[in-house]
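Engineer: As annotated in Swiss-Prot:
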BINDING   113, 133, 134, 135, 136, 137, 138  S-adenosyl-L-methionine binding site
């Protein structure tokens, strides 16, 4: 996997991709990261990459020429086809399903805008898709690029010490449920004890408890993710049992 990032702050991406799981994956050679600053491809003494918008209004707009030259340099550096992704609040929301799709690509170019945005002509001519982190606005696309790099890199084969870790994450699995609660030592603590079933050694019971907790959490915290009509009999039974137990606990 190769990431090429067009950004005015390439050092930011290099630093964020050097930490934790992602940093270790990079050291293993599971992906490469290349930052490209459009200012390096701007002409004139001031290396200008922005100008005022036609029609007036606040802010500045990133210019076509430096971006086009930067993108051409990226394509010249490696013949591998690359999907060009613009990080924008106008894009489709980033989901785990999209992350899995991106993780299967050999290469992508992440375009990070700044100021009021990028000249629309450049976007229409070069961008394959736009992705958003959510319905809010950031100072630039770098944080979005860092999120995509992190999410995609950890899915590369060998990135995680235990491959099952990714399979058990929230939004993974057959229904895309939220993850279940996790506990570690000590078993007993003033803040509460670890559920007895997790200490029982009964793997079937533990699996059923974890599945039930995932169902309950998804129903309570992200009901938009749970299609109860699509649940199988076993899942429906687990969810009904949990709801019944909650009602009994709440009753005087």
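Heads up, the Cβ atoms here are built off N, Cα and C, so glycines get one too.
These figures come from a predicted structure and were not determined experimentally.
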Engineer: Fewest other Cβ atoms within 10 Å: which of the binding-site residues 113, 134 wins that one? Let me know.
Structural biologist: 134
Engineer: List the residues of the same chain that sit at least 6 positions away from residue 137 (S-adenosyl-L-methionine binding site) in sequence and have their Cβ under 8 Å from its Cβ, in sequence order, or write 'none'.
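Structural biologist: Those within reach of residue 137 (S-adenosyl-L-methionine binding site), by Cβ under 8 Å and sequence separation of 6 or more, are 89.
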